[in-house]
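Undergrad: TrEMBL lists PRO173 with the feature substrate binding site. Per TrEMBL, heme b binding site is recorded for HIS203. The annotation Ca(2+) 2 binding site is assigned in TrEMBL to ASP255, THR258, ASP263. What TrEMBL records for 33-335 is domain 'Plant heme peroxidase family profile'. What TrEMBL records for 1-26 is signal peptide. Positions annotated as site 'Transition state stabilizer' by TrEMBL: ARG70.
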Amino acid sequence: MGLSSSLVPVASALLLLCCCFTGWNAAASASGGLRLNYYSESCPRAEQIVKEQVRSLYEEHGNTAVSWLRALFHDCTVKSCDASLLLETDAATGLVSEQASPRSFGMRNFKYVGAIKAALERECPGTVSCADLLALAARDGAAMLGGPAPIAMRTGRRDATESHYGEVERYIPNHNGTVSAVLSRFGSMGLGAEAVVALLGAHSVGRVHCSNLVGRLYPAVDGGIEPAYGAYLRGRCPTADAREDTRDVEYARNDRATPMVLDNMYHRNLLKGRGLLLVDQRLASDPRTAPFVRKMAGDNGYFREAFAAALVRMSENGPLTGGQGEVRTDCRFVNAK
């Protein structure tokens, strides 16, 4: 999902976050239970442990870094950054995992969350929440992919005791949706157009499964796709009958030039008609988002700064804090009573 050596100053990222994003003041008060260095006394090495585990996993399984970014997006977008995404289906209690939703298709590497959590539990049993684990892993995963670092991230999230499976479809934007729908969904989290264009820049890493692309390729290639790129995509997805339930799923890379680097290649590709998903390409033509696409395409430093700020803001969407929820000892299951 090499690397740029430039670092994004934390102060600049936080200034951008505080001053430029719609709805920040209201959102900040809603997440008032979070703070920097939350575990400084209860588990001083918590953030370092997550960073070490993320790095170790990345060195063995590079795509895990991409997985942490997508996992945080899915977790935070569906109501709250509360690690509800990590709960597994439990027939005994009737809980259905959010991972079972069609919108979660293609998500992977959940099994490695257990490795990070186990390291935390060995150091500080029952202390660090799975919700904070996800947020920190996404931050550190972005760094592994050459994205902005360091990013100051507040912690103190608590874990949900229920799944939001029934609401995933309503909360996760459709990849064929309109820009208005996407802006509305993110706007409810206090994120404006600039932040949306920055966050979707995460599509610079990873891949898109053919089942999400064939609608733009068959029976004819979407006119908004660069012809040569359309031919390449048809080569990657040779049939309109792309299914989601096969073990070896066909896919196309979001970015052929730097496929595992979190950079502004996504935005540069949009200006050339190389957006994979329909909603991606629409960003380049909608007057509310197009100026930000052009600016990020021309300035990778600006993209990194905006992405860092947007990631922090998204990670603070409606967290459970204080006496809400719990701190799970196993991220897959609610604690036994």
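Every residue gets a Cβ built from N, Cα and C, even glycine.
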Undergrad: For the recorded positions ARG70, HIS203, work out the Cβ neighbour count at 10 Å and name the residue with the minimum.
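TA: ARG70, out of the recorded positions ARG70, HIS203, has the fewest neighbouring Cβ atoms within 10 Å.
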Undergrad: Would you list, in sequence order, the recorded positions among ARG70, PRO173, HIS203 whose CA lies within 10 Å of the CA of ASP255 (Ca(2+) 2 binding site)?
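TA: For ASP255 (Ca(2+) 2 binding site), the recorded positions whose Cα atoms are within 10 Å come to HIS203.
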Undergrad: State the count of C-beta atoms found within 10 angstroms of the C-beta of PRO173 (substrate binding site), not counting that atom itself.
TA: 20
Undergrad: Could you tell me the C-alpha distance between ASP263 (Ca(2+) 2 binding site) and HIS203 (heme b binding site) in angstrom, no decimals?
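TA: Cα-Cα, rounded: 10 Å.
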Undergrad: Run through ARG70, HIS203, THR258 for me and report the recorded positions whose CA is within 10 Å of the CA of PRO173 (substrate binding site), in sequence order.
TA: none
Undergrad: Within 10 Å of each Cβ, count the other Cβ atoms, then let me know which of the binding-site residues ASP255, THR258, ASP263 comes out lowest.
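TA: Taking ASP255, THR258, ASP263 as the binding-site residues, the minimal 10 Å Cβ count falls on THR258.
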Undergrad: Compute the mean position of the Cβ atoms of ASP255, THR258, ASP263, which form the recorded Ca(2+) 2 site, and then list in sequence order the other residues of that chain whose Cβ is within 8 Å of it.
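TA: Close Cβ neighbours, site residues excluded: SER204, VAL205, ALA257, PRO259, MET260, VAL261, LEU262, ASN264, MET265, TYR266.
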Undergrad: Sorry to bug you, but what's the C-alpha spacing from ARG70 (site 'Transition state stabilizer') to HIS203 (heme b binding site), rounded to the closest Å?
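TA: Just about 9 Å between their Cα atoms.
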